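Undergrad: Structure below; questions to follow.
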Amino acid sequence: MFDGYDSCSEDTSSSSSSEESEEEVAPLPSNLPIIKNNGQVYTYPDGKSGMATCEMCGMVGVRDAFYSKTKRFCSVSCSRSYSSNSKKASILARLQVTGKPPTKKAKVLQKQPLVAKLAAYAQYQATLQNQAKTKAAVSMEGFSWGNYINSNSFIAAPVTCFKHAPMGTCWGDISENVRVEVPNTDCSLPTKVFWIAGIVKLAGYNALLRYEGFENDPGLDFWCNVCGSDIHPVGWCAASGKPLVPPRTIQHKYTNWKAFLVKRLTGAKTLPPDFSQKVSESMQYPFKPCMRVEVVDKRHLCRTRVAVVESVIGGRLRLVYEESEDRTDDFWCHMHSPLIHHIGWSRSIGHRFKRSDITKKQDGHFDTPPHLFAKVKEVDQSGEWFKEGMKLEAIDPLNLSTICVATIRKVLADGFLMIGIDGSEAADGSDWFCYHATSPSIFPVGFCEINMIELTPPRGYTKLPFKWFDYLRETGSIAAPVKLFNKDVPNHGFRVGMKLEAVDLMEPRLICVATVTRIIHRLLRIHFDGWEEEYDQWVDCESPDLYPVGWCQLTGYQLQPPASQSSRESQSGSSKQKKKAKSQQYKGHKKMTTLQLKEELIDGEDYNFLQGASDQESNGSANFYIKQEP
């Protein structure tokens, strides 16, 4: 092990926008309960003015479908572009002062259905950003995971929390005090030499290392990706004929460094000898360019389209819709995403599908083998099962920070369901979305109440605080049986406050620095560092859109750093006060006791509410659901 030691000598030598204010909206006459938008009908029961203009792109659309509380932007993309580019003055001048009409692109968007407009403009933004590399991502200059974690004493989620990530299932006993061989940077020799270092702290794939011999001196500590090519198990230098040279700073401390290493390394742990091979194998992906798949249509969530794999990065796929002639109409997702399926899947379960204008496959394109896709749990639909019209709670795929009152609109084959968000559905069902019955994104009636999560009531519903008992009675509906929902809670290992890298699912090409802020059994609340809470997302603990710290560096993907401090400080005080007031109001609505709830009978059934887990718990026994008794 120590044959590689060489005692050779060496010479010494933006964020949030600025102040916002809610616009006063004049009530509409009672005879105008419906807004028609180019053939697409939106009910609007709360009697307020229904149209708004995006301050970023100039698009005109239904006000309630606009993003943010102040309804100033048509999409998350516009909101973020507006903040990051600091274009408030020029845009307001164009739209409000000079009277300059909206852009040509905005006029085109006005002719499309609402959901299509939102998605199309987000795609338009992405296309412009792809063409201009300087705008494709926030600059990483000045950001370092190591400095970020050290300066704030943060803790990162361990690699074992991410089974889909490289080494997620074979990370082993890599922990603090494990010894490795790494390049010696405290050296002036002309050749590359190595030295032993110990892991002081782990943060995902990244490790804070300290050279042997420095004891408690952190002067030359450095961060390194454990899965990188420059980190090796102890003994690698001897086997490879590489020299071990002590750092120049401490070279004078010992005369017999070989004896020092023998003493320090006896009984110490190191990486497995085949560690680099395992890393390489775990980064081999079965999906290849030119494979064809069925993927959700980002312009109409209710249907799928054919797309072709353009590239694969760390298991993430850049899919280009087959009809895109210039190959810019793309969609990013992980190869294990529930949004992609084999060719023919839609027909097999009765899902809506957009037929391609291309009559035959392009040269070199081929259908992806069905066995490569993520498997869903088999379910028995022959007995008691979900039915159309049943009520439930679901994460809104167009606003992932909210869990909403929802309805089963259609029951498909193989356990798949079409879900609609109450109060904001298009008349033609173009914004329905597909969840499997075992999906961790749908919940039984009362889930939010039990776990102290704010449930978003139907848009325009004025009987607040919202109570399921009253709503079910008023709508003549029934709740989906609790026993049909997924109650499995894996031992995922996440804790509140842990850092990770997470996909911004509203702009899935972006992966951002993020934090786990709440844990409700298997449900995680993901906050994007430096951004407002309204951008938070509810994500399942086994989501393939979550990655360990250092994943982007390992795979070569672009990481979005936290928003700047100046951007955070630019938030208006009034905006903060409104959020605080809303939070206090929400807390006041959660005082209903178990006894009161138990007295409310829904269709003659008795609901017993069981206590849910606190935010500090990472796992549970899945008893956080309502127990339905006959």
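Please read every residue number as a count from 1 along the shown chain.
Using the three backbone atoms N, Cα and C, a Cβ is placed for every residue, glycine included.
Automatic prediction, not curation, is the source of TrEMBL annotations.
When I checked TrEMBL for this same protein, it listed these features:
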COMPBIAS  564-575  compositional bias 'Low complexity'
COMPBIAS  576-592  compositional bias 'Basic residues'
DOMAIN    45-80  domain 'FCS-type'
REGION    1-31  region 'Disordered'
REGION    562-592  region 'Disordered'
REPEAT    143-247  repeat 'MBT'
REPEAT    255-351  repeat 'MBT'
REPEAT    353-458  repeat 'MBT'
REPEAT    466-562  repeat 'MBT'
Undergrad: How about the repeat 'MBT' (143-247) with the repeat 'MBT' (353-458) - do they touch, taking at least 3 C-beta pairs under 8 Å (6 or more apart in sequence) as contact?
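TA: No, these stretches are not in contact.
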Undergrad: On the DSSP side of things, how many residues of the repeat 'MBT' (255-351) fall into helix, strand and coil, could you say?
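TA: Going through the repeat 'MBT' (255-351) residue by residue, I get 22 helix, 35 strand, 40 coil.
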Undergrad: What is the average pLDDT across the repeat 'MBT' (353-458)?
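TA: Mean pLDDT for the repeat 'MBT' (353-458): 92.
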